[in-house]
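Lifted from Swiss-Prot, the feature list:
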TRANSMEM  4-21  transmembrane segment
TRANSMEM  37-57  transmembrane segment
TRANSMEM  62-82  transmembrane segment
TRANSMEM  112-132  transmembrane segment
TRANSMEM  141-161  transmembrane segment
TRANSMEM  181-201  transmembrane segment
TRANSMEM  202-222  transmembrane segment
TRANSMEM  236-256  transmembrane segment
Amino acid sequence: MKAAWSGFLLSVQFLTVIPIRKQIDWNAATARWSVRAFPLVGALIGVIEAVTYFIFSSFSSLSPLFLALSLMWLSIWIAGGLHADGWMDVSDAFFSYRDIKRRQEIMSDSRVGAFAVLSILCLLSFRFLFVFETIRSHLDIFLISVIPLLSRTAMAWLLIYGKPAKQTGMAAAFREHADRYDAHVAMIIGNCLLACLCAIHFSVWKTVIFLACGTIFAVFVARLFFEKQFGGITGDALGAFVEGVETWLWCMIWLLRSYVMV
């Protein structure tokens, strides 16, 4: 139980800006439990975002424009910009059109290139559009918590099932200890949390299933893409995946609300 709690705290330290003052020892047990706790951290992030949105929308007259912008930036801030940085590094490397080895070197470079700036602007512009249009047409507050939960659960699967691009870095450090069993535990935890959400608010179950299918599709596409373009999975690749899949899930919700109305 101590290892499980330490693993959860390690995930919170790594994936969020929530201050955890405790020094967590890095070992095989905490690393494995940290991967298993990815869905729990995703759910925690989702609850924070949902509660913030509820307060802003229920106790103020803030416009949908402000609500959409606040929700989008909160998701980036609470992760400490970690995933956004990964998206930018991957974009710089991909649009360099170099060989795999050179792309890996570019991802490790701390400098920000023009393509990184353009790609993050494009990503956030489209996400803002999807969030804003969804809020205008009616956003179910429970779905706000589903998106981070799905993205972090999927990140655990991509981390374990994707081929590591190199033997150093964050992804390699986790892969040294975690295996497919840990990915399966993360999936079970994620599914249980989704089931709890659907039990609390049953009317969203169709949308949740649709989003889960979209997430599974995104994992397979991302795995093929990163292995072909970068030789495998890195920490930056995982960060880019989280940013990309969250934008993709917001797009799916917008499409459902605009054309299917489930």
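Positions of Cβ are set from backbone N, Cα and C atoms, glycine also.
Same-chain residues lying 6 or more positions outside the transmembrane segment (202-222) and placing a CB less than 8 Å from one of its CB atoms are 140, 142-143, 146-147, 150-151, 153-154, 157-158, 161-162, 194, 237, 241, 244-245, 248-249, 252-253, 256, 262. Contacts between the transmembrane segment (236-256) and the transmembrane segment (37-57): absent, as fewer than 3 C-beta pairs lie under 8 angstroms at sequence separation of six or more. By the Cβ criterion (under 8 Å, sequence separation of 6 or more), the transmembrane segment (181-201) is not in contact with the transmembrane segment (4-21), since fewer than 3 such pairs are found. Here the transmembrane segment (141-161) has Cβ contacts under 8 Å with residues 15, 35-36, 38-39, 41-43, 45-47, 49-50, 53-54, 71, 75, 171, 174-175, 178-180, 182-183, 186-187, 189-190, 193-194, 197, 200-201, 204, 207-208, 211-212, 215-216, 218-219, 222-223, 233, 237-238, 241-242, 245-246, 249-250, 253 of the same chain, all six or more residues outside its ends.
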